[in-house]
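Q: Positions annotated as transmembrane segment by TrEMBL: 6-26, 46-63, 69-92, 104-124, 130-151, 163-185, 191-212.
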């Protein structure tokens, strides 16, 4: 346990536990959605499997070193939480991703971790064992911290911060800072060193976010609004009303306004040059509507009683 001679170790260790616990809980909304929808929606399991592996390594390191209760508590919590995430993923993932995740668990978290522990236990003794195992933890932790490099590359390539989870990146920056001071106060370079790399990468992410967030705002201001007024053509049926009087509209008078029902006849729309395009291009039938047509210019002349003719009308 910690004594009064190490108040800063206890303070940074406790603060590191709180922040790291919040980071472990960050993917919780994602897995609640997976549980509700019964689908993984294309999410990958690799980050969670690697998180279990890293936490298991640090638990064993704390046991080898001794007097590292707070290092053990947070990593035990991490193993439990990340294992729940992986279990949910395996439950609802499609067959191939499920098999891949199980293989990864077997190779990394069981065979890989077991091989490292046996390697250090039987080939090294005393202080040398702790040093060798400590450097293994450093290398793996730096690899985990380097994972956001792909996100940073995406932001630079697309010039957009849409794909950067800034809240999570900020929490990881805080975590690296706190655990660096924890290792620094304890004079433990195996804890401090990888968190220096994590701190530098976290600062780089914040700088890139600030630069390209400003770029996004400028792009939105400069972007002109786009107005579209498409004109579509529909096949309409014109049903003529029998005219029993001699009052016929003269040829040169104003166009006759006729009430028509507009719809996609058999989902078919006639294009130019009599080319027929079949498909529900404009959604469900509409109508009734009013279409102004010239009775004298309808193909075939004025419609006779109770006849139906087809014309094209812009609506």
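Cβ coordinates come from backbone N, Cα and C, glycine included.
For each listed feature, how buried is it and what is near it?
A: Within its own chain, the transmembrane segment (6-26) has Cβ neighbours under 8 Å at 51, 70-71, 73-74, 77-78, 81-82, 167-168, 171-172, 174-175, 178-179, 181-182, 185-186, counting only residues six or more beyond its boundaries.
Proximity of distant same-chain residues to the transmembrane segment (69-92), defined by a Cβ-Cβ separation under 8 Å and at least 6 residues beyond the stretch ends, is recorded for 1-2, 10, 13-14, 16-17, 20-21, 24-25, 27, 31, 34-35, 38-40, 43, 45, 48-49, 51-52, 55-56, 58-59, 61-63, 98, 101-102, 105, 191.
If one looks beyond the transmembrane segment (163-185) by at least 6 residues along the same chain, the residues whose Cβ comes under 8 Å of a Cβ in the stretch are 6, 8-9, 12-13, 15-16, 19-20, 22-23, 26, 145, 148, 151-152, 154-155, 191-193, 195-196, 198-199, 202-203, 205-206, 208-209.
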